[in-house]
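Annotated region 'Disordered' per TrEMBL: 1-138, 551-616, in sequence order. The feature compositional bias 'Basic and acidic residues' is assigned by TrEMBL to 105-116, 575-586. Look at TrEMBL and you will find 358-392 tagged as repeat 'WD'. TrEMBL lists 443-521 with the feature domain 'BING4 C-terminal'.
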Amino acid sequence: METAPKPGRGVPPKKDNPQAKKKKPRRYWEEEATPVAAPAGPPRKKARAREPRPPRSKGVRGAPKSRFGRKPQAPKNASDRKKPRRTLSGAQDPFPGPAPAPAEVARKFCRIDKSKKLPRSKPKTRTKLETAEAQEEEASVRAARAELLLAEEPGFLEGEDGEDTAKILQTDIVEAVDIASAAKHFDLNLRQFGPYRLNYSRTGRHLALGGRRGHVAALDWVTKKLMCEINVMEAVRDIQSVFPLLAVDGRGSADPNWNRWLYIYDNQGIELHCIRRCDRVTRLEFLPFHFLLATASETGFLTYLDVSVGKIVTALNARAGRLSVMAQNPYNAVVHLGHSNGTVSLWSPAMKEPLAKILCHRGAVRAVAVDSTGTYMATSGLDHQLKIFDLRGTFQPLSARTLPQGAGHLAFSQRGLLVAGMGDVVNIWAGPGKASPPSLEQPYLTHRLSGHVHGLQFCPFEDVLGVGHSGGMTSMLVPGSAEPNFDGLENNPYRSRKQRQEWEVKALLEKVPAELICLDPRALAEVDVVTLEQQKKERIERLGYDPDAKAAFQPKAKQKGRSSTASLVKRKKKVMDQEHRDKVRQSLEGQQQQRQKQKTAKPTGARPSALDRFVR
């Protein structure tokens, strides 16, 4: 019986399958492998020489693992260091690594004061401070790198061959710009309901109008879509847009004995609330980060209303008569009030008295405005003076200009342009930059209206100035007045209804308490040393001893034969003598400094004498 032969024993090998020899296709992200000739004979294992591990000392521990930014490991081989990284398409990145950030831009976003050295503290606290400082530097570099994505740049109007830009008309600007920008210039003829007050929303998309004869309207001024339009049949003193859905106005009858209460409407023109505790309202200001509506009245009271809960936070008596001039500082939410005695007072709901009083004019103050950085304040009075003050602690006037008629209304733009309304003429002054005050020597733009000015405001994120006058409302084009780029998470003009609702919920959760309003917001992050020392003294008086005092020196026990009573007493005395020497040295240094101060200080009104040279 014949059996089938086993494979490998005298059986000729089968021919290779042509399909098995087919080469595997190479993908576009794989590198082309060069064929290497296989060595004859069975494959040998490569002998790998082990490198001796360096000895590790017993007392040294490894560095603790940190979850903060680690340094990237250097490549082991020189070929890996030089070889650029490959992408999925197979192309090599010509610029490997993160994009470099300009040092000047990163310095602009840096919030660390490197002039102050880190305090001498415990190693753990010092490590935390160093880690926080490194995180702040990394955040500033990231912000500087992200600024490269901001494609829009601000610009200004420049004349040809030394041409004065104040002589350029609005019609010339409309003809020179594109169609979308030219549509932002328009006039609303509403003479029968004027004069008008106006207010833009924080996103710059919606506009609220209020006429003295009862006309109230809210519209999307970009698309010219009317949201609501009503006539309250009573005089409207001021109007304020709290949210895109809410418009607030203070209205009253022409009868002087009638109480001018505060009314709130929604975007459909339906009256929601009537707040009678705010009566005889003349001016309104809304603090967006605190959800506070500040009202100034004829009775001299400044009232803060929390619109999130509908309660009066505080009512302050300014004791300066009728309040008709009010402005807010966008930097610290302090309210500025102008009075008839020529002073401007600064108020916070946490204080019953004004934070500061500034004597600005020899007559009554007519208008007050504060720039977006909170650095400069512009005022105008009955003495026809227009002044710019420095609010960084000095409160001194930086520049002044005498106007022919005197400015009745003032406003600052996002980039520091100053506009003044004088009768039916609007003048705009510009400065060399955003952080610098405007120059009052030569106006940047001038425009004449069809009626007297009653309200001014720059539109956020748009080079547009809204002017309310007795003949209606005018939208002017002012190149370079607004920020060209906006923060989509904070103020997005193109957000949907769902995004707006989510933003409102987030803003309510992040609402800043009214008690934190102060002149310098950075002081909230510092330690109140005076209060801390006072609390420490009260604690010592209450307990009868100082729990934080340094404990008395207790020598540790040493080896046998070295911890005798005489040795312990000797070591205690040595430490006590050293502490006594330190105290004596400190007292002598203090006395020497006091003597030097007495030598340098001379009595006031004393005349120099020839015998002063012999004084030691």
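Heads up, the Cβ atoms here are built off N, Cα and C, so glycines get one too.
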Intrachain neighbours beyond the repeat 'WD' (358-392), with Cβ under 8 angstroms and 6 or more residues off its ends: 325-332, 336-346, 398-412, 414, 416, 418, 420, 434-435, 437-438, 440
Rounded mean pLDDT for the residues that make up the domain 'BING4 C-terminal' (443-521): 91
The repeat 'WD' (358-392) - residue tally per DSSP class, helix then strand then coil: 0 helix, 20 strand, 15 coil
The compositional bias 'Basic and acidic residues' (575-586) - residue tally per DSSP class, helix then strand then coil: 12 helix, 0 strand, 0 coil
Helix, strand and coil counts within the domain 'BING4 C-terminal' (443-521) (DSSP): 17 helix, 22 strand, 40 coil
